[in-house]
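**Student:** Can you keep this structure in mind? I'll have questions shortly.
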Amino acid sequence: MFKNIFINKNSQPRAGWKIAIVFIFFTLLTFITQIAVGIVYTVIQLLYHQDLLKTASDLNKSLTLSTPLGFIATLLQCACMILSIVIFWRKFDKKPLRDIGLINLKDGCKDLIIGLILGAAALTIVFFILLVTGNIKLIGALNRPNFNTYALTGIILFIFVGINEEMFARGYCFTVLKQSTNKWIALIVSSIIFAAMHSLNSGISFLSYVNLFLFALLAMYMTIKSGNLWLSIGLHITWNYFEGNVFGFLVSGNETNGIYNVRNTADNIINGGQFGPEGGLIVTLILILCFLFMWKFYNRKIIHA
C-alpha cells in the first residue's frame, strides 16, 4: 500500500511526485546559484571598501527585475528550471523534448511569430483602455518614449522567462499529468500550478489568481491547438515585455523599467492595483477576447493527445 503512494498502476512514479521532485531539484539548484551570486557580489562590494551591513542591505534591494543583479539572478533562475526539466525528462522519462511540445524552432517559427504579435497586441490594448478610462496616468508624452538599456535587457529576460514557464507548466506538468489522467484534468491542474507559482508575488489578489489561471488556460489551449509550445512561448514573451519594459506596468507584482512610465490614478479592480494589470478586470476581458481570437482565426488542426 505504501508503494502505491509513489507508484501508479503502470509501475511508473505518480505525476505529482515527478513534478514535486523536479521543483525541489530546481529550488535547490536555484538556491546554490543565488548563494554563489550573493557571495561574488559581497566580495566585489567589500573590495570597494563598503562595510558588510551596507552590502547586505544593498544586496536585498538589488534583487528586483529592474536592477542588473536582479536581471542576472532571474536569468540564472530560469536557466535552473530549464536545466531541471531537461535532466528529468531526458534521463528519467527517456523521451525527446518534442514530446513536451518543444519542437524544432524552424518548424515552430510561424507559431512563435503569431504568439509574439498576439501578446504585443493584447497588452497594447490593455494600456490604451486603462489610459482612456483614466485608470492610469502616463508620466510624460506618448510621442516621447524613453529608450534605455532596459528595453534590450528586458527582451532577453522575458525570452528566458517565457521559455522557462511554458516548458514547466504547459510542457512538463501537462505532459506528466496526462500520463495518468485525461487531458482535461491535466489542463486544469497544470493551470492551477501555474497560478500558484505566483503566490509569493507582491500585491497578489483573488482576481490575480483568476487571471493567472485564465492566462494558463489560454496558453494551454494554444499549445494543444498548435501541437507545440512556441505559440504560447511567443504570447508569454511579449505579454510580459510590453507590460513591463514598454508600458512600465508592474509585471505580476514585479517592478520593471519601461520606455513609458505609468502610475495608477487609484488602485482598483480595473487596473489591478499593486499586482499590475494582471490583477484587474481589463486583463480578464482581454484574455477572453484572446480565447475567441484563437478559436475563430487560428486554423491549425487541434492535436488530440
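Placement of Cβ uses the backbone N, Cα and C atoms for every residue, glycine included.
Automatic, uncurated: that is what TrEMBL annotation is.
Residues or ranges marked as domain 'CAAX prenyl protease 2/Lysostaphin resistance protein A-like' in TrEMBL: 150-242. Per TrEMBL, transmembrane segment is recorded for 21-48, 68-89, 112-132, 147-163, 184-200, 206-224, 229-251, 280-298.
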**Student:** How about the transmembrane segment (112-132) with the transmembrane segment (184-200) - do they touch, taking at least 3 C-beta pairs under 8 Å (6 or more apart in sequence) as contact?
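**Tutor:** Answer no: the transmembrane segment (112-132) and the transmembrane segment (184-200) share fewer than 3 Cβ pairs below 8 Å.
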**Student:** Going through 68-89, 147-163, 184-200 one by one, which has the most CB pairs that fall under 8 Å from the transmembrane segment (206-224)?
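**Tutor:** Looking only at 68-89, 147-163, 184-200, the most contacts with the transmembrane segment (206-224) come from 184-200.
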**Student:** From the DSSP assignment alone, can you count helix, strand and coil residues within the domain 'CAAX prenyl protease 2/Lysostaphin resistance protein A-like' (150-242)?
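**Tutor:** Per DSSP, the residues of the domain 'CAAX prenyl protease 2/Lysostaphin resistance protein A-like' (150-242) fall into 77 helix, 0 strand, 16 coil.
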**Student:** Given a Cβ distance threshold of under 8 angstroms, which distant residues of the chain, six or more beyond its ends, lie next to the transmembrane segment (68-89)?
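**Tutor:** For the transmembrane segment (68-89), the far contacts come to 18, 21-22, 25-26, 29-30, 33-34, 37, 41, 59, 62, 95, 97, 99-100, 153, 156-157, 160-161, 163-165, 167-168, 171-172.
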